[in-house]
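Q: Take a look at what TrEMBL says about it:
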- 29-171: domain 'Lactate/malate dehydrogenase N-terminal' (DOMAIN)
- 34, 35, 36, 37, 38, 39, 40, 60, 120, 143, 144, 145, 255: NAD(+) binding site (BINDING)
- 107, 113, 145, 179: substrate binding site (BINDING)
- 173-337: domain 'Lactate/malate dehydrogenase C-terminal' (DOMAIN)
- 203: active site, proton acceptor (ACT_SITE)
């Protein structure tokens, strides 16, 4: 995952100045559920300036008309509409190619992602019920935490509705990759735009496993202590932001950027661009767990191929074993919620 979004943005601005028409790309509708929130607003901005988006649908329980009016003034081709309240959810979703879900409450100091479960799980369940009804073929990008549980909840909702396609449901773990790349590049003294680091496992704490042994470009300047520290910082990146904001928010801007990068990759895959590979939390047989984050190849049907873990060093092998128990519990908790509430 290179700086594709930034390149797309600069290209869009150049084309706009030349009277650019978006007719070269297929018409694509993107819906953002939770568009008036801390992640949703900057995500709406980033998707508005993405040249692959022709229609941008913004939904939230309140505040969406203002966000839509604000974003709609940007001189990029995407047409923007705002929808507010449950009675407008169907209209917001109809015809969507990609649905991005950042809806939910943010994490606050002292809260774990698990503390968010009961509130956000209920929100996700309701939204996915609507997706199954109004745009069952859309690619669903799940941002709402805890992703380790909300993706299994979505899968069960879609199964019940008879619309489940494991190739079209993604947990967005791109922020873990973004952090790993940033931290690794900074420590190794490498240009961050040229760095890539696969991150596997899940999307919370110890379940986040960056594979620094597979980082490119490789660096010989990092000690084992450096790798341990970089791994922990990547795992604790969300907490670092929550504490730095001192109770006034969580990772919203970096998450919006990561969400926009992954949505951009999904759109490119849908449009037939070859060799689009990103890490994502999906239904998987890479391990014995039913859901797992690893590299996936994206295409016209969503997931074209779930890629393996590659060669792990001893530290990473131990990290993989350490994360499985917690990730298994989170998956089972999501499935239980979907069936029991």
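The backbone N, Cα and C atoms fix where each Cβ goes, glycine too.
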Q: If you measure from the C-alpha of the residue listed as 'active site, proton acceptor', which of the binding-site residues 36, 40, 120, 145 fall inside 10 Å?
A: 145
Q: In sequence order, which residues at least six apart in the same chain have a CB under 8 Å from the CB of residue 36 (NAD(+) binding site)?
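A: Residue 36 (NAD(+) binding site) has long-range Cβ partners 58, 60, 62, 63, 64, 66, 67.
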Q: Among all protein chains shown, how many Cβ atoms are found within 10 Å of the Cβ of residue 255 (NAD(+) binding site), not counting that one?
A: 24
Q: Say we define neighbours as other CB atoms within 10 Å of the CB. Which of the binding-site residues 34, 38, 40 has the fewest?
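A: Checked 34, 38, 40; of these binding-site residues, fewest Cβ neighbours within 10 Å: 38.
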Q: Quick check for the class: what is the C-alpha distance, in angstrom and rounded, between residue 38 (NAD(+) binding site) and residue 145 (substrate binding site)?
A: 14
Q: In the domain 'Lactate/malate dehydrogenase N-terminal' (29-171), how many residues does DSSP call helix, how many strand, and how many coil?
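A: Residue counts in helix, strand and coil order: 66 helix, 28 strand, 49 coil.
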Q: Of these binding-site residues, 120, 144, 145, which scores lowest on Cβ atoms within 10 Å?
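A: Taking 120, 144, 145 as the binding-site residues, the minimal 10 Å Cβ count falls on 120.
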Q: Looking at NAD(+) and its recorded binding residues 34, 35, 36, 37, 38, 39, 40, 60, 120, 143, 144, 145, 255, figure out the farthest C-alpha pair and report it in angstrom, whole number.
A: 18
Q: Which whole number is the mean pLDDT over the domain 'Lactate/malate dehydrogenase C-terminal' (173-337)?
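A: Here the mean pLDDT over the domain 'Lactate/malate dehydrogenase C-terminal' (173-337) amounts to 97.
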Q: Only counting partners 6 or more residues apart, tell me which same-chain residues put their Cβ under 8 Å from the Cβ of residue 179 (substrate binding site).
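A: Listed in sequence order: 233, 234, 237, 254.
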